[in-house]
Amino acid sequence: IYSSHIKIYTYISSKKMTKLSLSLLFLCFIILASSSLGLSKSYETKPTKVSTYELKKGDISIKLTNWGATIVSLFVPDRYGKLADVVLGYDITEYKNDTSYIGAVVGRVANRIGGAKFTLNGKTYKIVANEGKNVLHGGKIGFSDVVWNVKKYHNEGHNKLSVKMEAKALNKPTPVNLAQHAYWNLGGHNSGNILSNYIKIFGSKITLVDSQLIPTGKFAEVKGTPYDFLKPRQVGSRIKKLAKENGYDINYVLDGTPYGALKRVAVVYDKKSGRSMKLSTNAPGVQFYTSNFLKDVKGKGGFVYQPRAALCLETQGFPDAVNHPNFPSTIVTPEKPYNHIMLFEFSTRPMYNV
């Protein structure tokens, strides 16, 4: 069994939308894990109790839990200063029953692996399928279903909200592709659907998929299609043209270098509240997902989530990259560590100023 060292640093900022002194609140989760996908008994750390951690400055606050390294809530003001929780979630005792990866860190290989197998250096590895014949978000028990050890919990000065994920193979090459699976609704987690939200995605191509959402290995230009968000459009403007898919669930090839410097991913704007969110990353892709599979999911405070109650922007390596040599590699080696950064910025500026 290969093994790797996984670290996640979550830098929580608390910048008021107008004039608030800047602050960084730092939370570091760390886990030592076996690199065999879908195996739960090989984790090398002793389980700790499930706890929550609140970081707050002024009128900005975020709450996390070490179950799945999950974002539980994030309160930000609207254009009038009214606070709302803009991520979907559960009452804290319900996270162990989650089947939608709400707010969690997913892996060891996020998204899908077709046929629940891959070949690495001439050897074929078979893994436990958990979505039909395929593997989704780490398999039967992935990183979203384990208790993470919190190693550091403190604050210092900064002005951004970011998540940094690092991994290093300790002996042999191993696939690693982590993603943060927050469900965003800038109107508030209990405000209804996100079809009227405007979004711009900085990706001119998508990775084509088959009927099981497994990439075919081919790419397609988005221009002139329902996947075209190169200019800001409402999420629901052409979603009905995706009847077979029941909404968006596709990986965009981000414009810019495959891995390296930060590049813009997307801008989301909720006209009613005035809240906007910018996302940047150093990853090559982002999965745009409109929570198509949520149905009668009981969330925080008893609110029931339905399809399109939120949108996900999961920065990542390409899905099923282990089976497509033409995709950017998701193989981590002792000489080539994994480094994934997500940077979120919130404001109440109109979208054309974001």
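Glycine is treated like the rest: Cβ placed from N, Cα and C.
According to TrEMBL, the features are:
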| type | residues | note |
| --- | --- | --- |
| BINDING | Asn111, Arg112, His181, Ala182, Tyr183, Asp249 | beta-D-galactose binding site |
| ACT_SITE | His181 | active site, proton donor |
| ACT_SITE | Glu314 | active site, proton acceptor |
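Known features from TrEMBL, placed on the structure.
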residue: Asn111; record: beta-D-galactose binding site; Cβ within 10 Å: 29
residue: Arg112; record: beta-D-galactose binding site; Cβ within 10 Å: 23
residue: His181; record: beta-D-galactose binding site; Cβ within 10 Å: 24
residue: Ala182; record: beta-D-galactose binding site; Cβ within 10 Å: 25
residue: Tyr183; record: beta-D-galactose binding site; Cβ within 10 Å: 27
residue: Asp249; record: beta-D-galactose binding site; Cβ within 10 Å: 18
residue: Glu314; record: active site, proton acceptor; Cβ within 10 Å: 25
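Of all Cα pairs drawn from Asn111, Arg112, His181, Ala182, Tyr183, Asp249, which the record names as binding beta-D-galactose, the longest spans 18 Å. The two recorded residues Tyr183 (beta-D-galactose binding site) and Glu314 (active site, proton acceptor) have their Cα atoms spaced 9 Å from each other. For the binding-site residues Asn111, Arg112, His181, Ala182, a Cα to Cα distance of within 10 angstroms from Glu314 (active site, proton acceptor) holds for Asn111, His181, Ala182.
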